[in-house]
Amino acid sequence: MSLSHLYRDGEGHMDDDDDERENFEITDWDLQNEFNPNRQRHWQTKEEATYGVWAERDSDEERPSFGGKRARDYSAPVNFISAGLKKGAAEEAELEDSEDEEKPVKQDDFPKDFGPKKLKTGGNFKPSQKGFAGGTKSFMDFGSWERHTKGIGQKLLQKMGYVPGRGLGKNAQGIINPIEAKQRKGKGAVGAYGSERTTQSLQDFPVVDSEEEAEEEFQKELSQWRKDPSGSKKKPKYSYKTVEELKAKGRISKKLAAPQKELSQVKVIDMTGREQKVYYSYSQISHKHNVPDDGLPLPSQQPPQPGKEAKAPGFALPELEHNLQLLIDLTEQEIIQSDRQLQYERDMVVNLSHELEKMSEVLEHEERVIANLSKVLEMVEECERRLQPSCSNPLTLDECARIFETLQDKYYEEYRMSDRVDLAVAIVYPLMKEYFKEWDPLKDCAYGTQVISRWKTLLENDQLLSHGGQDLSADAFHRLIWEVWMPFVRNIVTQWQPRNCDPMVDFLDSWVHIIPVWILDNILDQLIFPKLQKEVENWNPLTDTVPIHSWVHPWLPLMQARLEPLYSPIRSKLSSALQKWHPSDSSAKLILQPWKDVFTPGSWEAFMVKNIVPKLGMCLGELVINPHQQHMDAFYWVIDWEGMISVSSLVGLLEKHFFPKWLQVLCSWLSNSPNYEEITKWYLGWKSMFSDQVLAHPSVKDKFNEALDIMNRAVSSNVGAYMQPGARENIAYLTHTERRKDFQYEAMQERREAENMAQRGIGVAASSVPMNFKDLIETKAEEHNIVFMPVIGKRHEGKQLYTFGRIVIYIDRGVVFVQGEKTWVPTSLQSLIDMAK
């Protein structure tokens, strides 16, 4: 092994002053690499073995390898070794760049002959196209080889649109002149002889790189292949924080502001150093120096890698570093605090400006309110002054109304917020009492309606008071009606006679849309109804010449269901009066007929069955059927009640008291050789006495068909020696005619029902929105032309009451309840419609 490294100085260089002296002392390199198994070793070359210390070596360009031979360069051309003398090893070895260079190499330091070595070729190979490589030939003869051909290439190009002197392509975007080549001066590498750009390149691409940019690019590319094992010093990188970054960050890493209160008195043991340290608060840890103890390596410093030189510890001043860092942190904190304070002041300015605007608006509003209130106060004081008895120009009700209208129009907010009740009590009530002082409601029912309507718009609150929830202290108009208008009504009702109902009804009809609902209910329930009830108790249908319906029925539009308690005593008195009645007396029908639409269908039918039907049955039982001399008075008395009693009751009377005797007379007549023409006239005459509704009843129809069958059997039998000519044909024709009429009537009824069903089906299909039970009842009422509307202010167990025709109902969970005599009875929808008709 060669000892050439011993002749170097501490940095590995030879001493130029002492070329003949050999130094054998231990250098720093020996100490650093004493225990380094990966230290660099020097391998002796052939030249060193031959010439020893006088050999010219360049150990930096050689690298140790495990093989005895150098790897072949397969990129070189094939070289045939001749049998003669072999060239020296120095010519075959290729130089490599050293990785251990410390100083960058500039391009000007290279020798002139620096470049790639000449390609070694044998004697059988010659370089080709030297003239083309050198660029000595001119391009003027480009394409001259076509002189010796037929010019097929040029012709094909012209057929495809090529124009001589222009470029190729659809838009002639191709190059016109061929790319020029420039011959390199020597055999060096690319760039060894400066720029190699041609004149054509300079014309097409005029941008020229400067020498500084080229030098910088060269040094950058060269430094990529360098390796600094000793860790050469790099240029330190500094990080700068701008004021904007500090503002954006808005905080500092350490809270080093003014001394703060201790977070907590907690004992903290720090064992991160060589010795154990005890702190008595968390804030004391932040004041600890961030410098390691003497003799201990920094945690960030790792032990030196094998084969690398250990770096000596840097120069450290922990106190100075701490003070500098403290100054930096304090400066950052001051900047951030100043920015926050500035932002706070700006926000405060904006807030104060908004507050100033709001306060200005509030001030203007308050000034307007004060001005308006001053004007309102002046007007009220003027009214009070004119209300004094000693005033020469007293205030009238019309002038007071104009003042209130002015307050409502021009000073609406103040008028709405003011206590109108006290204002009206003090000003309006005395004038209103004076206005109604001489009023008689029964003589002049419309007196004061316009005045009260005018004051209603001035005094009544926006929210209407519901029935039962009136509050006199909240609405000035309601209090005005109750305290001023109502005493006159009470006084006149106490003097009113219920049988003279028209003036009182007209009076209430005139005021019903003006006075509040609860006041109207109070009048009807507390004043009118007791008078009517007392008068009904004193009524006697046998002695009173005035019918009761003449002074009770006018109250139906106003009172409606309120009159229900009166109906039971009225029916009781009528029943007592009908005990000795005979159907020949038509006055009973005149008395009962007005009540048919007033009483409920059930109560009316029960009254008829109890008091009228037995009398009619007795009358029919006394009827004598005589074809030769018929007295029809009793029959007319019964048939006259057809509209009063139900069809089923009338048919029952006929089946029991009329048809048995009538059929018996027919059979007796047919058994005595009758005149069939007279029988036919007698049959048709009795049938014409009944209405179509009675004839359409199945029982009545069966009885008349039975009579036809008896007549047909009589003419078909051979009983008797003599038969009237044409009698059989006449009876057959009569039977056929009657049966056809029945069939046509039934067909017409079926067609009418089918049309009704079709209309209902179309209506159901047209309405795609599902209905509730109330909507269904409303639809049925429209189909049957029945009035269906709610009763204002009336409820039963919290359910709204409705009028369905002449009956009162309410709806509860899909069930209709009808008002009976004593209780509410559930009923079906069809029964409800039948009762309403």
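Each Cβ is built from the backbone N, Cα and C atoms, and glycine gets one as well.
Under the heading region 'Disordered', Swiss-Prot lists 1-31 (among others).
Taken from Swiss-Prot, the feature region 'Required for interaction with DHX15' covers 1-50.
Per Swiss-Prot, the feature compositional bias 'Acidic residues' maps to 14-28 (among others).
Here Swiss-Prot flags 54-73 (among others) as region 'Disordered'.
Positions annotated as region 'Disordered' by Swiss-Prot: 85-133 (among others).
The compositional bias 'Acidic residues' annotation in Swiss-Prot covers 91-102 (among others).
Among the features that Swiss-Prot reports, domain 'G-patch' is placed at 149-195, with the record citing sequence analysis.
Marked as region 'Disordered' by Swiss-Prot: 183-236 (among others).
The region 'Disordered' annotation in Swiss-Prot covers 289-312 (among others).
As annotated by Swiss-Prot, motif 'Nuclear localization signal' applies to 700-705. Same-chain neighbours of the motif 'Nuclear localization signal' (700-705): 651, 654-655, 659, 662-663, 683, 687, 690, 694, 738-739, 742, counting only residues six or more beyond its ends whose CB sits under 8 Å from a CB of the stretch.
When the motif 'Nuclear localization signal' (700-705) is classified with DSSP, helix, strand and coil residues number 6 helix, 0 strand, 0 coil. Here the domain 'G-patch' (149-195) is broken down by DSSP into helix, strand and coil counts: 8 helix, 0 strand, 39 coil. Averaged across the motif 'Nuclear localization signal' (700-705), pLDDT in this predicted model comes to 87.
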